[in-house]
Structures are given as structure tokens and as C-alpha cells.
Ligand SMILES: NC(=O)C1=CN([C@@H]2O[C@H](COP(=O)(O)OP(=O)(O)OC[C@H]3O[C@@H](n4cnc5c(N)ncnc54)[C@H](O)[C@@H]3O)[C@@H](O)[C@H]2O)[C@@H](O)CC1
Ligand SMILES: [K+]
């Protein structure tokens, strides 16, 4: 599990650590670790002298970059060209002195040039020089903003970023500058890093939807006490703000049956999905549930899709009966015409499931049936909207979200998923290229974010497969946060495994699940 701590928790941990250590020691640890990574990324070709350019902001993030350049000069036994481009009128003076001592060239890009918009700005010689260096740099260090940064960048920095050559390896110091360190706001101006070197622990920006801006992540140990060592009895333990389940967690979380298990102890999934018009969704959800290893799958629906499921998934049983968790809503028309008796009966079946005390996964049309939290206060609930469905749900139920649209959800996914989780007292799995699993805020549980699927997986029916998969895990007794995040991981990996590097249809994702689960379980055995 990758765990990330909030900026406030990191700052508190830094203060605790600094109180025990000599002045400047934490920054030295950070900068030394950073310099080691940079040294490892220098080109092997020794015919030209490698050039490392650091973009340096006015805070401690800039200090890290300056000290890293200074250490790099010592660390690499061969001659290097090192350039620090100052992007702020504030300076980390100590870092600057260290860089000067190490004969780093200092270019003050804030000096000279006429005022006005960036296009109109008459470039200073210093800025011209910085732009030239960035165009040919082997490694560029982004030390403009760290965890003190707000989203967005000054024009000068944007101009400098545009000058970075296509072949440069861009390493973000702690976080990519311009990107929200808390990962709440996705998109907008900011650095796209090939690699990020962070200190002490991961921050939310590294695991939430902003993770794609960070590239490969290295965490340098600087001795912060942030709950990494669960065995020790420190009083200063804090909970992570965000988590990501990874391949090595599958064995611990996946419900592997034992010799004493039978189909009921493994979990019966009931699927109330589809209708006479939408017959594909039930087939996909039921197939996924069977392939995920449900003890039994029960389909509830009208004759058309029932016939199809009977023909294609002989393992499924039909009609009402014993169930341990429900999947409600894929392909369900929540508002059938008054003359559509079969459609109305299907809505009734969905409502009965929602009114039960059993765990429920609520997807697609099922979301349209929710007017508030489920009747049974303790009933575990996992809602699985995509951004458009979440916007529609909140715009309908939350006066503060009136007029909410898909685009706003995409920019602030956590804010709106959290809002729905609070309002409906449910865990919200928000589907997208990053899938968020957001428990109700009152639970105090960390948000999870998974980004395991290739873009090819964003295809019609893919969500119906995810619903069947997560429903199976709910029926096996997993809580909604584990069920949702594990299902998202396995769904994404199965989509890759089904056809690495190419298109994949939803049914193939479902059919790949048994082999993907086996592979991930075997991997744990190998690692263990
Ligand atoms: N506190 C510590 O002991 C350690 C801190 N470290 C480094 O220190 C960093 C945090 O340093 P700081 O707290 O000085 O913060 P930053 O270096 O992130 O700089 C924040 C400054 O930039 C300004 N600013 C924020 N957003 C801006 C924007 N969008 N455009 C223009 N200016 C903006 C702020 O007003 C503030 O003055 C960490 O990310 C890490 O790199 C590391 O050296 C490890 C140890
Ligand atoms: K940075």
C-alpha cells in the first residue's frame, strides 16, 4: 500500500524531527538524497560534459535544489555544468551560498527586462541565457515550489518551463511545481515531471489524480515519524490522507476460499440490472461476478435479459432468494413509462434491494433511485458513479451543488465525491482514469486512488464489469473501501492483461479476471 500524508501532517512531523536535530539537517538529508538520484540520471555518454539546470524558487523547495546542485558537484567525480536559474526575488540564502561555493553558475532570471505580459516582455540577457541552457540541459530540476505551493505558476516560470528541451529528464523536487500538493485540484498549469523525488513520505499529490504529473516516485528517507513504523509505539502517529493499493496488497485483501468454504460462505451476489431495452449490462455484471469467484450469482430481471444470461452464463441462478450483497443499477431504467409493467417491476426489485440491510453496490440507473442515505443506517453502501453521474446525483440532491456539471467534477473530483459520500453516508467510487474511493468523511478513513487501467479500458460496458467485480468482494465480506479499491486495481490490471498495449472489450476484461487474480496471488507468494 502506498500511503500519503497531508501537508499539515508532514509539516508537523518535520517540526518534531527538527526539534531533535541540528539546524538544517533535514534539508541536508533531502538534498543529499536528491543529488544521488540526479547523479544516477546523468547521461552515460561521456563525450560531452553533462548539464544540469535547476529552476529555483524562493522557498525551501528552492533551497533543496540549490543544495542538491552543491552536493552534486562533490558527488560526481567528473566535471559537470551546473546552472541554478533563480525564478523568485526571494532567495534561500544559505543554499545560494553553498551553490556559489560549489561553482554553480547562478542565473537570476528575475533581473532586467521590461514589465508587461510575458509575450511583450523584452527578455533580459539573464533570461535568454536561462532559456538557452534549459533547451540543451540533460537533467532539469524543478525546485520552484514545494508543499508550500498553491496551484498555478508565475508567467516567468511558465516561460522557462516552455524552454525545456524535449530530451531533458525533468525531476520535480518534492512535488511538481504549480500542481496542488494536496491533489485536490486536477489539471491546470504546472510541471509534468518524468520523475519526482520526495522527502519523508508521499504526499496526496503523488497518489491522487495529480499523480500522472509526478512520473516515477522516489521517497528519500529523511527520518520523519509518520506512521511508517506501525510496530513502534510513538504517540505522534497520524493517519494517512490518501492511499493506493498496489499489486503486492492483493493477496492480503482478496477473499481466497479455504477448504471449509462453500458457495454461501464465499458470498452470493444478487444483480438487479438491465431491462428489456438494456440487456448487455446485466450480462457483463453477472459474467464479471462469476469470473471474480463469487460463491453464487443471482440475477433478478425481466425475461429478455434473463434469457440472455441463462444462455451465456449457465453458472448464474435466477429470481429472488438468498443474497449477501446486491449490485443495483447497471443498465437499469429508473423511470420507465407507466405502461411498462416489466420495467416497473424491475425498479421495485431495485428498491427492495436498496431498502434491505444488505451491502449494496449502486451504479448507473440505481443512483437515480437514491434520495438520501439508505433506510438501514448501518447498511454498507458503495456508489460507483462516473463524473457525469456524480454531477447529476449531486445537482439533484444537494442545493449547494445545483447546476454542477461533469467538467467541475473532473477538476475537483475529491471535493464532490466527498460531498456525495457525506450526503448519502456511503463510500463513493468515482470512476475515471484515476478511480477515487472516498469513504464518508466522518469515518476518518483515508481516500484511496487507483490508476491501474490502460486508457483502452475506458470503453462501454467496462463499468458494468467493475460493478460485478466489486459486488463480489462486498458479498465476500470486504468493506466498501477495500472492495472498491481492490476491484478497481484488478479491473485495471485485467484490462491490461487481456491485450497488453491494445484495445480491449468489456467482456474480455471480465473473462481475464480469473487469470489476473491468479497471477497477482502467485506474485504475492513469490514476493513472500
Ligand atoms: N521544512 C523542512 O524541514 C524541510 C522542507 N523541505 C522542502 O521545503 C519545501 C517547502 O518549503 P516552503 O514551505 O518554503 O515552501 P515552498 O518552497 O513550496 O515555497 C512557498 C513559497 O512560494 C510562494 N508561492 C506559493 N504558491 C505560489 C504560486 N503558485 N506562485 C508563486 N508563488 C507561490 C509562497 O507564498 C511561499 O512564499 C518542501 O516542499 C521541501 O522541498 C525539505 O528540505 C525537507 C525538510
Ligand atoms: K518542485
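Cβ coordinates come from backbone N, Cα and C, glycine included.
As the structure is a computational prediction, the values presented were derived from the model and not from experiment.
Features reported for this protein in TrEMBL:
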| type | residues | note |
| --- | --- | --- |
| BINDING | 281, 331, 386, 464 | (6S)-NADPHX binding site |
| BINDING | 431, 432, 433, 434, 435, 463 | AMP binding site |
| DOMAIN | 10-230 | domain 'YjeF N-terminal' |
| DOMAIN | 246-520 | domain 'YjeF C-terminal' |
Counting other CB atoms within 10 Å of each candidate's CB, the least crowded of the binding-site residues 331, 432, 463 is 432
Taking 281, 331, 431, 433, 435, 464 as the binding-site residues, the residues having C-beta under 6 A from ligand 1 are none
CB contacts under 8 angstroms to residue 435 (AMP binding site), restricted to the same chain and 6+ apart in sequence, sorted by sequence, are 429, 449, 450, 451, 453, 484, 488, 492
Closest by Cα to residue 432 (AMP binding site), out of the binding-site residues 281, 386, 464, is 386
When the binding-site residues 433, 434 are compared by other Cβ atoms within 10 Å, fewest goes to 433
Of the binding-site residues 431, 433, 434, 463, within 10 Å of residue 281 ((6S)-NADPHX binding site) (CA to CA), in sequence order, we find 463
Reading the DSSP string in three states, the entry for residue 464 ((6S)-NADPHX binding site) is helix
Argmin Cα dist to residue 331 ((6S)-NADPHX binding site) over the binding-site residues 431, 433, 434, 463 returns 463
As a whole number of Å, the Cα atom of residue 463 (AMP binding site) is distant from the Cα atom of residue 386 ((6S)-NADPHX binding site) by 9
Cα of residue 434 (AMP binding site) to Cα of residue 464 ((6S)-NADPHX binding site), in Å and rounded, measures 17
